[in-house]
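Student: Quick one: the structure is below, questions incoming.
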2 protein chains.
Amino acid sequence: MKFKEINPSPRTLMTPGPVEADPRVLRAMGAHILGQFDPEFTALMNETMEMERYVFQTQNKMTYLVDTTSRGGLETVLTGAICPGDKVLIPAFGRFGYLLAEILERCGADITLLEREWGTVFEPEEIEEALKKDSYKAVAFIHGETSTSMMQPLKEIGEICEKYGALLIVDAVATLGGAEVHVDDWKLSACISGTQKCISAPSGSALITYNEQIEEIVKKRKKVEKGIRTADDVNGSLAGIPSNYLDLAQLEDYWSPRRLNHHTEATSMQYAVHEALRCIMDETLEARWARHSLNDKALCAGLNAMGLSIFGDIEHKMPVVTAINIPEGVDGKVIRGTLLNEFGIEIATSFGPLDGKILRIGNMGYSSQKRNILILLGALEAVMLQNHVKIATGEGVAAAMEVYKNAEK
Amino acid sequence: MKFKEINPSPRTLMTPGPVEADPRVLRAMGAHILGQFDPEFTALMNETMEMERYVFQTQNKMTYLVDTTSRGGLETVLTGAICPGDKVLIPAFGRFGYLLAEILERCGADITLLEREWGTVFEPEEIEEALKKDSYKAVAFIHGETSTSMMQPLKEIGEICEKYGALLIVDAVATLGGAEVHVDDWKLSACISGTQKCISAPSGSALITYNEQIEEIVKKRKKVEKGIRTADDVNGSLAGIPSNYLDLAQLEDYWSPRRLNHHTEATSMQYAVHEALRCIMDETLEARWARHSLNDKALCAGLNAMGLSIFGDIEHKMPVVTAINIPEGVDGKVIRGTLLNEFGIEIATSFGPLDGKILRIGNMGYSSQKRNILILLGALEAVMLQNHVKIATGEGVAAAMEVYKNAEK
């Protein structure tokens, strides 16, 4: 036949997602299919919820999966919690802040954008000032802005939002499982993540959690489908949710003991996430955060020693993404192409104003390994030299190795 | 650890979905992750489109996947093709007709429901009469209504819709890959399917196709996100699409040579569908339709010989689902429970008015095997006897075997 079986070339994925799935996760997906209401399968769904609560550091009952990629999980939570006309403040410090605005505009929310230069984060005072000036139903924030590599501290902002009575809805797609996220401690009303970054499963599922305040809103927006409605079902008092597929109310019914039929749960992705969460529990979150942090330190030491410059406000850089300024006269596409085609290593470009100006290196999940950091630094040195960039040869890998050596002491 | 690795009990899935995934498909998902813009990965996306065109029997350029279950694919196509205020006729002959209405109501379409008794299908004249009386932008139809086991003939209806200038959007979630579907010959404007039924991959992806007429509508509704918008991008003249994730315009850009970043394609599900489509091409559609049809004949012969009665208008029964009337005095839940717990075989109940009145048996994809039909008939006989149903013992399996024997001649 013209079409061959799947047989991908070897790849080391050092982009900010998708990254390599843990081999345990890939193996779990090979298990045969269970029916969606098979007690063995619903038991797995419940276990997934329980493990997800650990990973999100939350006690929220409503902690489950949406059968979309992370973007769909964001839309599900945002359009479930925010009604048409609700005022939402979006402090945007990169592309994904605009995505939150885009999603909310489509569902009729009244958006106020606070903008900041790409490569920086917000001060808590800026948020407080905005909340003082006007009253908002919610603040929607990116935690790790992969387009710029910046990470927004959220603890103080959670307190400010609580003080001013605004929900705080957070996109932790890039950080969950790699950098610290504490949903309850930080007073996040809702938090959304994906699978293809630090969780190290394939893309195709979104992890979500939200508190009772949002549960209450969802209850008031609920509408049960005619085909399966019973006499006990009443329609809610708030505006209905715009999408049927991305409907938090129906998803809640499906993930709760009622198990009301909605979509058919994505069986193999459920297996994948279940195993990915088990991997995190085996490693523990603390060890996982430390691993990402150490690999980040080694990577940055290597880049600095080589003489490459790291983009943005270093103090607020995510430990799981590093952006480097593309040296003058060099085409980023050529660097990426050579790394991919000659070394089988993938790194990423950026978007919008940073497109062609920075290269982004991911250090996420299963891909976050000493071996990958060292291999990448060696390859990057060779490719930079090939492109006539003046760098300190032999320094990059050595500096990274020194970081690892010191960490062992 | 408290949570064990995935290790499902053996199961034979004879429900109308999810059914067993082809073992080749499960193996394909074990391949390591490729980046979403890796040329090897985008080549796979293009191959998937090409194979999908064969399975849908269409030349439509716009033939690709949505990273949702089938329900999300339906919503994506419906809310992309239908603008707020558009008049849509929905002839409903079971639960899933109401689902189409539900989805379209949420996006502000002006719905007219034609209803029919569950267990029957529409005559082409009924549709023509409705289109004569009033002018509609589109007709939305279920092809295989799994809630009742009925299959709607569509060829004449396609001609009628063309005559009256209405789009015909068809849900072939239950039939594609198991029963005949001819998108171009039947003049379907769009067709949507899932993966977890006759395609025999896990749930979690939706197959969609639509013609140039719908492409034109989508073009006029397009809106590119601020974070990645360029000077060449203009917003369209029609109402924007309500969802960002389920946005046909953005999905088109992602699946076309422009490869404009939207979500991160669900890598392993992409592998799964690619392999499932390869399995269909290996078998050929004609052989696959014949296989499902033969197994259906054997199943029905067995059920009849046993003395069980088949629900609905037999002439319009889907070859991939059979519903039996639950004998008086018997609890369908007990039948299903014993089949699952003692025999490891899963069959399904139904919804709404048919809940507790019929049991539904699937005969789909990889689960559609002679062996499964024979095993199920034997098990069903035993369970019916245990529940004091008067059936002709020894007749069911024998009648099915006779069908297979005759087919070999």
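Yeah, the Cβs are placed from backbone N, Cα and C, and that goes for glycine too.
Straight out of TrEMBL:
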{"type": "BINDING", "residues": "B:ARG360", "note": "substrate binding site"}
{"type": "DOMAIN", "residues": "B:36-349", "note": "domain 'Aminotransferase class V'"}
{"type": "MOD_RES", "residues": "B:LYS197", "note": "N6-(pyridoxal phosphate)lysine"}
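Relative to the rest of the structure, where do these features sit?
Tutor: In this structure, B:ARG360 (substrate binding site) is part of a beta strand by DSSP.
The Cβ neighbour count for B:LYS197 (N6-(pyridoxal phosphate)lysine), using a 10 Å radius and every protein chain shown, is 31.
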Student: Could you tally the C-beta atoms, other than its own, that fall within 10 angstroms of the C-beta of B:ARG360 (substrate binding site)?
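Tutor: Taking every protein chain into account, the count is 24.
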Student: Do me a favour and check the Cα-Cα span between B:LYS197 (N6-(pyridoxal phosphate)lysine) and B:ARG360 (substrate binding site); whole Å is fine.
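Tutor: Rounded to a whole number, the Cα-Cα distance is 14 Å.
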